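Student: Can you read through this structure? Questions will come right after.
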């Protein structure tokens, strides 16, 4: 055991003229010399490295206990102590003294310090002596499999005052000082929610923090992350994306209404539709259970476990689709279904599904293809809004937009007049175009720019971790840029709700999809939508001669959007590898009576 004189000699000889960092304040200081060798404890003067007046004097006294040295200031009461470490001084062995203490009497205040930040330790946690703050930080990081990045050179100051500035360096310091990751238990969940998301600690809750100002939606400043320990890859969003969507001083609207209030009463709220599809999925599951209860139980188990999504995809049964359908429905908060009973009741009298055997030439009927009630496009975002944008919030928001688009199509009598088979075929063929138009229409309320920036950040992260090939990354990046370019161009055109409704109708009634029946009838509906669109533009924008042409020229860009990539970006984190095409028939096969039955659930 080195004596205090030897330690002092090491300090003076090895660090003379060197700059060291005070761990409590992060101040850069320099050891100058030693004073008064006759004192009971060695005294050292520490000055700022710029040569300014010496600010602190420390006393180093050796304790009788091996491996412990007391550091104190002669002018303080041991509360605001300055300390530093040498190879013989470990932070976990430092204890603080007041000036009038002596080695014989023992210190007035004796307590261990956190090995990570130097704060007062509360005990040994996960294998190291730490404070409560570092204990909680380490537990959250390991349980949720969070990963961070350092904006500096990975040697940031971690002390009591600066420990929250760099989470990457703080976590690395926790591990370096002996905190064991395998000592952290998975979070326990209540019994009543055991059927929810798997208790796997690494299940889609990892975070990427992006400091984001929504007032400038295209200028995100991301903090990129790395996760060398993650081996599971279920898609682009498997790492989870978290973006701060609550900047101070920015008003965030959770609902957008594209037309006047008079149209709102004619549009059923999305939460009612959620109740309908939840009920339908439950009926489907009950039917499957009567045929094979064991198989259905396994399907439910797999669908609730992120680690089994690949197996979930391979099963390809009706129960699989119903379960994915149920998952989408749950994302739409079915508990709010009673809010719009009157809206659905109003629709029931005007919308009638016509089977494929019916032959009705709807073009001979009087009245427009679209009315004011078909212009309303009210998107309600998930509530409460989280502080950080995550993969489930993105999936829930996208699911609401998807169901709202399907709900809008069902409200058009001409669409229902085509019959069930044709309706399903049309939506399967063009749901991606309708969804993309919805993204542009709800650009602000969904914070689409922030979501797209999140996707880009995740691509960079996946490339750094070699989770994705360069070709795959290029394909995804091109799709994201196409989305951004399309939405930006639509926003710049200041398109109103009527124009969006007619654009969607023109897309929906496209007769060029193979396998469609009554193609002539579908083409007539499209022509009727175009004529009404032209009349509206002429009356509303008489001075803008080329507005109609500019809007129609944006539609070909929709065909460049890959539906499979859209599914991976927006829905895979919610329903795994289930295709949207498999979910669409469940939505469109609902009878009008089911709306009223489930609206009171």
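Start at 1 and count along the chain as shown; that gives each residue its number.
Placed from the backbone N, Cα and C atoms, the Cβ positions cover glycine too.
Okay, these came from Swiss-Prot:
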- 111-186: DNA-binding region (DNA_BIND)
- 114-134: zinc finger (ZN_FING)
- 150-169: zinc finger (ZN_FING)
- 198: phosphoserine (MOD_RES)
- 216: phosphoserine (MOD_RES)
- 221: phosphothreonine (MOD_RES)
- 223: phosphothreonine (MOD_RES)
- 349-591: domain 'NR LBD' (DOMAIN)
- 582: phosphoserine (MOD_RES)
- 585-601: region 'Required for interaction with NRIP1' (REGION)
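Help me understand the surroundings of these features in the structure.
Tutor: Under DSSP, the residues of the zinc finger (114-134) split into helix, strand and coil as follows: 3 helix, 7 strand, 11 coil.
Per DSSP, the zinc finger (150-169) is made up of 3 helix, 0 strand, 17 coil.
Neighbour count (other Cβ atoms within 10 Å of the Cβ, all protein chains): 17 for residue 582 (phosphoserine).
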Student: Could you find out if DSSP has residue 582 (phosphoserine) as helix, strand or coil?
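Tutor: Where residue 582 (phosphoserine) sits, the three-state DSSP reduction gives helix.
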Student: With DSSP as the reference, give the number of residues of the DNA-binding region (111-186) in helix, strand and coil.
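Tutor: Computed counts for the DNA-binding region (111-186) are 25 helix, 8 strand, 43 coil.
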